[in-house]
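As written in TrEMBL, here are the features:
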type	residues	note
BINDING	CYS512, CYS515, CYS552, CYS555	Zn(2+) 1 binding site
BINDING	CYS521, CYS524, CYS539, CYS542	Zn(2+) 2 binding site
DOMAIN	284-450	domain 'Helicase ATP-binding'
DOMAIN	547-714	domain 'Helicase C-terminal'
Amino acid sequence: MNLIAKVIVDVPTMQTNQPYDYQIPDQFKDQIQPGMRVEVPFGQGKRVVQGFVVSIVEEPSFTGALKSITGVMDLHPVLNDELIQLGKDMAEKTFSFRITCYQTMLPAVLRAKYEKTIRLIDDIDEDLFFELFKGKDELTWEDAVNRDLLPQLAQLKKQERVEVVYSVKNRANKKKRRMIKPALSFEQLEEEKMGLRKTAKKKLELLEVLQTLSLADQSISSQELSKNYQLTSSHIRDGEKKNWLTVYEEEVYRDPFESQDFKQTDSHTLTSHQQAAFDKIQEAVKQERAETFLLRGVTGSGKTEIYLQTIASVLEKGQTALMLVPEIALTPQMVTSFKGRFGEKVAVLHSGLSDGEKYDEWRKIEREEAKVVVGARSSIFAPVKNLGVIIMDEEHETSYKQSENPRYHARDVALWRSEFHNCPLILGSATPSLESRARAQKKVYTLVELPERVNKKVLPEVEIIDMRDEGKNGNRSSFSIQLQEKIRDRLAKKEQIVLMLNRRGYSSFVMCRDCGFVLPCPNCDISLTLHMDTKSMKCHYCGHEERIPHTCPVCKSSKIRYYGTGTQKIQEELEQVIPEARVIRMDVDTTRKKGAHEKILSAFGNHEADILLGTQMIAKGLDFPNITLVGVLNADTSLGLPDFRSSEKTFQLLTQVSGRAGRAELTGEVIVQTYNPEHYAIQLAQMHDYNQFYKTEMIIRHRGNYPPYYFTVSITASHEDEKKAAKKMYEIVNFLAPHLQKETIVLGPTPKSIARVNNRFYYQVLIKYKTEPQLIPLLHQIINESQKEMAKGLMIAIDKEPQQFM
Ligand SMILES: Nc1ncnc2c1ncn2[C@@H]1O[C@H](COP(=O)(O)OP(=O)(O)OP(=O)(O)O)[C@@H](O)[C@H]1O
Ligand SMILES: [Zn+2]
Ligand SMILES: [Zn+2]
């Protein structure tokens, strides 16, 4: 029978963004399956490219002469049917190439050109062993290809007798260990010794090693045997044949949490609110229904406990669970609570892992050894089968959206997979995004609320300090008098303090130090961005531009400054103001090294420091009972961002960080320093009033025609030649304009705030629309028709629901 493979080739252009037909040569017939990577000739000449087989058919849809697959890169599919389908849908929705989507789904070792070897993991027929492996335990992929062994090896792979190992550069890559243990007692081994010939030195040595082991009831790895006693695999095989010893395999994963001991933790008895939420979710779990829950619970309300118990119930049904957390919330505490509850069943994926470690975790998932996957954004592509629940903690986090190709939002992928598996999706947050909250309002999502903390502890009292007064009273430091006093008070009581320096929007805008005025755009509801290259203030959306003010247009003060300062400077200042405090700093600089994050938090947990000073990364997830004071040094920076979400982000950040205080027995307190004490985001965060914030912000979004009332899509064109980028952008707008509905709003084209990056110029438009059935096909058409220009250096990026406006 003639078999045709449909292959997505690694040639990321629009023309190639569909499967190509290739003949499967006879030698590969039994081997090739959908989801495997293959090598195929492409185009004219001798070019060979990689590709993914997405299906196998009998009839080609291409009528010309078919080329043949020239190589197979896997013995086993790396993508399952679900992911093949998901990649196709995702490519369409994110305006990216299927090949890019597939590559995004895989761990890095499967993407890059790593060395591959085939390793024996189980016994095979002796003759075959010598024929294929020539007496060794492994064989390089190249060797296997040159000797034409892949079809045979594929068979062995199916029988789980060999595996493919990807060796990551600079890293020892031993994952399987051959272990040897004595099969006879000490005395029996002694008898075997008697029967040896005098010259059999190595056999004698082997028997002696085995005797030692049998006394201690121990095993030894083949590596140790060869290293310490120069006993090779042929000696081992020989010993095995004589029935002196047994060989077995031991899987050794590189365990990034090896050194840590995870205490088994038991589930808490749920509070009545938790129970009600849990029960509601259980219905969907039991009925295997793709229902989306928005779990809004105040900080410390025990959302994590609901996740844990829901996952436990899913495991009990024999299903699996996927738990997403933002990268910066993937703290050791989070890992501990999952490892503590589910032990070995958990795979954890985060950016701190080396490529090899990530690959090991991925393999555990792929082989269905891991039943629970915990990880950041890209873990949404984990190849888990039989999902029983998907959970996204801190669902409002913008880091769930990838800002480069493919520009996917993990929430959308989660929704897709929840439909595919017929399993519930839980979106959890103390401060849900307006989009999700509005969907709950419309009953698209089911709203479940936890209105109070588990121990009925009140949420901490929040005090707002007007920093303009501090200035007037001659205090020019970053610490208000009240904050200094409270810090001293906690030091005396041996309680702990968290201080947050808000670095969002660092230095990108100017603000009056006397009245807090931030320069707004006259046409839009956002502030202007400072452009150092042009020495001017610009609006991101409409292109309005004016000069940098030297005096405040409102109060005429001349103290109008760029706003922002670094954590290091703050630490120095703190050491002068309160020299007795022991301060530990957590920001991008101090957490760059692997494991630094863990070290800092465990030192703070052990009270080796009184104050944890950091950026936004300390706002989430920390659960330390001894924190009774939280200080926010500058609430305003995130308000000044040229982004319609700036109030929302400020409210979320303040609520999150306030939530770190008073989580256990001790009552907590929060000090928020600001130049905008009247701002509703700050006042409503003070009152812990999410619902009111939601209402207020919805009105503002409605007035400004922003999401969730409108959908948004941004189009960016860039080119080394500024004129070409601008011209293209105008062409696009002119092309779209006649097709768009009346109520659709097109902002721009305008240069981006950092107009030139890497010597490329960026122009963008933002389209806001309510319904545009034609827009998506039109955008695809734009990309299709720009192929020639794109080959000559033009880049077009289309971003649906963009999250970043910098
Ligand atoms: N039913 C319960 N009984 C006793 N303690 C509980 C219960 N549920 C949760 N806890 C504990 O309460 C603390 C807060 O819970 P958790 O961290 O889950 O809150 P959260 O809602 O995720 O908060 P945040 O949004 O601030 O991260 C934890 O120390 C947790 O172990
Ligand atoms: Zn002013
Ligand atoms: Zn504007």
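Just so you know, glycine gets a Cβ as well, placed from its N, Cα and C.
A map of TrEMBL features onto the structure.
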residue : record                : Cβ neighbours (10 Å)
CYS512  : Zn(2+) 1 binding site : 24
CYS515  : Zn(2+) 1 binding site : 16
CYS521  : Zn(2+) 2 binding site : 21
CYS539  : Zn(2+) 2 binding site : 24
CYS552  : Zn(2+) 1 binding site : 20
CYS555  : Zn(2+) 1 binding site : 14
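Checking the binding-site residues CYS515, CYS521, CYS552, CYS555 against ligand 2 with a 6 Å cutoff on the Cβ atom leaves CYS515, CYS552, CYS555, in sequence order. The Cα atom of CYS539 (Zn(2+) 2 binding site) lies nearest to that of CYS512, taking the binding-site residues CYS512, CYS515, CYS555 as the candidates.
Cα of CYS521 (Zn(2+) 2 binding site) to Cα of CYS552 (Zn(2+) 1 binding site): a distance of 15 Å. Using the Cβ center of CYS512, CYS515, CYS552, CYS555 for Zn(2+) 1, the list of other same-chain residues with Cβ within 8 Å runs, in sequence order, ARG513, ASP514, GLY516, PHE517, PRO553, VAL554, LYS556, SER557, LYS559, ILE560.
Mean predicted confidence for the domain 'Helicase ATP-binding' (284-450): the pLDDT average there is 92. Taking a Cβ cut-off of under 6 Å from any atom of ligand 3, the binding-site residues CYS512, CYS515, CYS539, CYS552, CYS555 reduce to CYS539.
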